[in-house]
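S.K.: Straight out of TrEMBL:
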{"type": "ACT_SITE", "residues": "LYS38", "note": "active site, proton acceptor"}
{"type": "ACT_SITE", "residues": "TYR264", "note": "active site, proton acceptor"}
{"type": "BINDING", "residues": "ARG136, MET313", "note": "substrate binding site"}
{"type": "DOMAIN", "residues": "243-367", "note": "domain 'Alanine racemase C-terminal'"}
{"type": "MOD_RES", "residues": "LYS38", "note": "N6-(pyridoxal phosphate)lysine"}
Amino acid sequence: MPKPQETILEIDLKALKHNYEYLKSKLTPNTKFLAVIKAFAYGSDAVVIAKHLENLNVDYFAVAYTNEGVVLRDAGITTPILVLHPQPVNFNLIIERCLEPSLYNAKVLKEFIEVAQKENQSNYPVHVKFNTGLNRLGFWENDIDYIISKSEASQAVKVKSIFSHLAASEDLDEKEFTQNQINTFNTIKNHFIERIGHEPISHICNTSGILNYPDAHLDMVRSGIGLYGFGNSEVEDKNFKPIATLKSVISQIHKIGPGETVGYNRAYKSDSLLKSATIPIGHADGIGRQYGNGKGYVIIHGRKAPIIGNVCMDMIMVNITNINCEEGDEVIVFGKNPTATEFSATANTISYEIITAISQRIRRVIVK
Ligand SMILES: *Cc1c(COP(=O)(O)O)cnc(C)c1O
């Protein structure tokens, strides 16, 4: 790779393929694979990722919000797209763009059926979400009769899948809870199929569900974080390759004398002679203020340079006193080393948060 001349997020499509194939190797051949590409494909580039996965014959996509699905349709993606968290205001748009809603309560079920009827739809594919313990979105088991009577009274929709979501699939101390969620969902599934008389696709596993609960893969699995290179454990992380590397460049180097300060609010006070480097990335780019004042660090020539002082909107300053480097040299924020998991741990958070936080003003550079 040539040296970056500004802050960039490099996206490695070979790593994406590796992760996809690793996850697929955990499945039986007839288990479908849904790729979760919400939030700009976890901060990378949803259209690029979707096109690549479509070429690799992924079965399904999911996004969180309707607008995210519209962007994919505008880009020519034809694979079915499940919208995990739609709002009634977008139901016409969902139908217009052939997106498939998750129906998670009586209000959205009723309103979606009304819109589908008005639009003269028949058998429009919908997905029914059940709550099995996350207590976020979803019907309860005892709503099955209501759901079926509502959807059968109308020819406008057809239940294409039923699903639930695990609360702690990555946490092996919560195996009993997770197994309970899976058992509850299996009961719901059997009851649902018996009542509706056809067999919708059933799915409950996210990435850590795929890795830790092989008996719960059912008809389809939904993976997000794994595709982007994280296994949510030290052991599994080794089997994945992070697809995104956040790189930058040294804009300026300063010599700071004893008693001088660095940055806003004079938050860093030097007690000796030191060298600082200013890097063009800040809290507006997703590096929150919680990484400031010695918590987070970047890598320059393979060595750690801690962030000193407060994170600014468009810049950080790092301590390079013991690093032999020049203005224009490459800076790594996260990628292979440190990984986003390691970088985010310095501010007590997780890979999911830091990778999805990288702002859209940072140019994505696709590596094929
Ligand atoms: C985000 C999301 C996923 C993906 O989870 P990962 O842990 O990233 O694999 C799966 N299902 C639902 C309902 C989600 O909201």
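Using the three backbone atoms N, Cα and C, a Cβ is placed for every residue, glycine included.
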S.K.: Looking only at the domain 'Alanine racemase C-terminal' (243-367), what is the mean pLDDT?
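M.R.: Reported value for the domain 'Alanine racemase C-terminal' (243-367) is a mean pLDDT of 98.
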S.K.: Compute the C-alpha separation of MET313 (substrate binding site) from TYR264 (active site, proton acceptor), stating it in Å without decimals.
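M.R.: With the alpha carbons as reference points, the distance is 11 Å.
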S.K.: Would you mind listing, in sequence order, the residues at least six apart from LYS38 (active site, proton acceptor) in the same chain with a Cβ closer than 8 Å to its Cβ?
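M.R.: Long-range Cβ contacts: ALA62, VAL63, ALA64, TYR65, GLU68, LEU84, GLY224.
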S.K.: Helix, strand or coil for MET313 (substrate binding site)? Use DSSP.
M.R.: coil
S.K.: Could you give me three numbers for the domain 'Alanine racemase C-terminal' (243-367), the DSSP helix, strand and coil residue counts?
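M.R.: In the domain 'Alanine racemase C-terminal' (243-367), the DSSP-based counts are 22 helix, 45 strand, 58 coil.
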S.K.: Who sits close to TYR264 (active site, proton acceptor): which same-chain residues at least 6 apart have their Cβ under 8 Å from its Cβ?
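M.R.: Listed in sequence order, they are GLY309, ASN310, CYS312.
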